[in-house]
Amino acid sequence: MDAFSSSFLSTLTPSTKLRSPVITTTLRSTSPSPYYAPLPYISSVRIEEKPPTSATTTKTSHPPPPQSPKAWPPPAPSYASPSVGAKKRVEPRLSTMIFNTFDDIINNFIDPPLRPSVDPKHVLSHNFAPVDELPPTPCEVIQGSLPPCLDGAYIRNGPNPQFLPRGPYHLFDGDGMLHSIRISKGKATLCSRYVKTYKYSIENQMGSPVFPNVFSGFNGLTAAATRGALSAVRILSGEFNPANGIGLANTSLALFGNRLYALGESDLPYSIRLTSKGDIQTLGRIDFDGKLFMSMTAHPKIDDDTGEAFAFRYGPVPPYLTYFHFDANGNKQPDVPIFSMTRPSFLHDFAITKKYAIFADIQIGMNPMDMIIGGGSPVGTDPAKVPRIGIIPRYAKDESEIRWFDVPGFNLIHAINAWDEDDGNAIVLLAPNILSVEHTLERMDLVHALVEKVRIDLRTGLVTRHPISARNLDFAVINPAYVAKKNKYVYAAVGDPMPKIAGVVKLDVSKGERQECTVGSRMYGPGCFGGEPFFVAKEPQNPKADEDDGYVVSYVHNENTGESRFLVMDAQSPNLDIVTAVKLPRRVPYGFHGLFVRESDLNKLSK
């Protein structure tokens, strides 16, 4: 699931520049077999000093020499003899040290991380633990060969805290890190880099967390008041300026207007590029000539036929929803505020057809009273609220033509696709419906996502629904060429339970209501977990190619051996056969959403 909050790590005492976590593990065997290593979990941590690197808000510095792959669990690194010419770290200012002391008091006595959902020892265990940046490093193809259509880069975004937290930390709180596997002529190179957001850069320069952790750090009135006051003092003292952005860019990526963006819904997009050697550079925070304000969804929809991008932002004050789009050249068009959404709602994703944009007003939203009275999160659920779907013309100039339809019990967080039917008089929406929605933010392991097909007759207002599969499926994707058009196939991640992904299934959504829709499946095996799948077509320019003629790709991690791989699966085979396996030089942590960018598109990226 994606990051909801503009979350910030504020949980360390005055700390050294670019500190690296050393994880002490207690080994717990899951199998008596001598061929499997016991599964580690984090029981304690210590922080050791590491030679710092320079940081900038617009682009990365030259990469350091390649390092040997990091083992998992990682051995304790030695920093006794820093490299020659290493820049001496900057000591925190006296004011920063004082603020960090108050932060420690809040974390230890006022609002300690008591719940598992915000306990870093739980949240950052196993392959959720953060890793250091990795310069471009060659990978070994250990099975098959990389198909020519994969020349380009598969990039996956996800949270990776720059500093190991000691206070409350939620899965969505980490700084955005991009893990890119650059493929060219059958060879692969892995690179992992932080998105150099304003938050990352300020904290990197100061050597400690500065920004408040909004999502997990404001549970209850006392915690909200103390952390809010501390943040206000930090701002007044000049430690950071929230006008420059407070987001993490840790959720997804998008390519439109010849630019590649790292996205998080609490901030503006960050433009990035890949070098010819496979390194990742952050170019800067983009406001589209001053036309984009505050934030943008991490799930814009790109129409492959027109090159346009459609997006929105949402927030805690009216208008709670604002819709907009970009033309094929990446120029932002005017906002369309939606005032008919009368209360703040968690609008993480949406869908488009050729004629409409579709929004879901669900039971998750801002819940300040639960925070004040019950000590809970400022984001919560309202079981009395009836979810509804809003449909507005795709090129609307205002909200006058939006229509809302009640859809009881339908809570959409991720949309798969939508299309028009009956000459535009009906729309069909594919999306996982989050059952037990009250557990979405606190106990993801108790959530079941049921993929449904929803049809709305725009003439009669009749809403019909039926499930596509009974399995726990989310992070579902399609052939990108079929966005906003009727598609047949869906590739969805299997929760075991979420947020861990045990495999991927292929669904045929054209089948009838009472027919089994699963037509392909690949489970990764005991102790092996992957991420969101992504479909790559073999011949994207061939209009006669079958919709499923391509490959499904994903990073997969083996918790028994500590090894991560990049898998390429045949999308047309019933077992989603593994065509190629690439052994990665070090583990890739679990994350959120990814994107494949072809070599031809990488070459067109704006500098």
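From the backbone N, Cα and C atoms, a Cβ is placed for every residue, glycine too.
In TrEMBL, annotation is done automatically, which means it is predicted and not curated.
If you check TrEMBL, you get these features:
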- His299, His348, His414, His593: Fe cation binding site (BINDING)
- 52-61: compositional bias 'Low complexity' (COMPBIAS)
- 62-77: compositional bias 'Pro residues' (COMPBIAS)
- 47-87: region 'Disordered' (REGION)
>> Let's check the environment of His348 (Fe cation binding site): how many other CB atoms sit within 10 Å of its CB?
In response: 22
> 10 Å Cβ neighbour count around His299 (Fe cation binding site)?
Replying inline: 22
>> Taking 10 A as the limit, how many CB atoms besides its own sit near the CB of His414 (Fe cation binding site)?
In response: 21
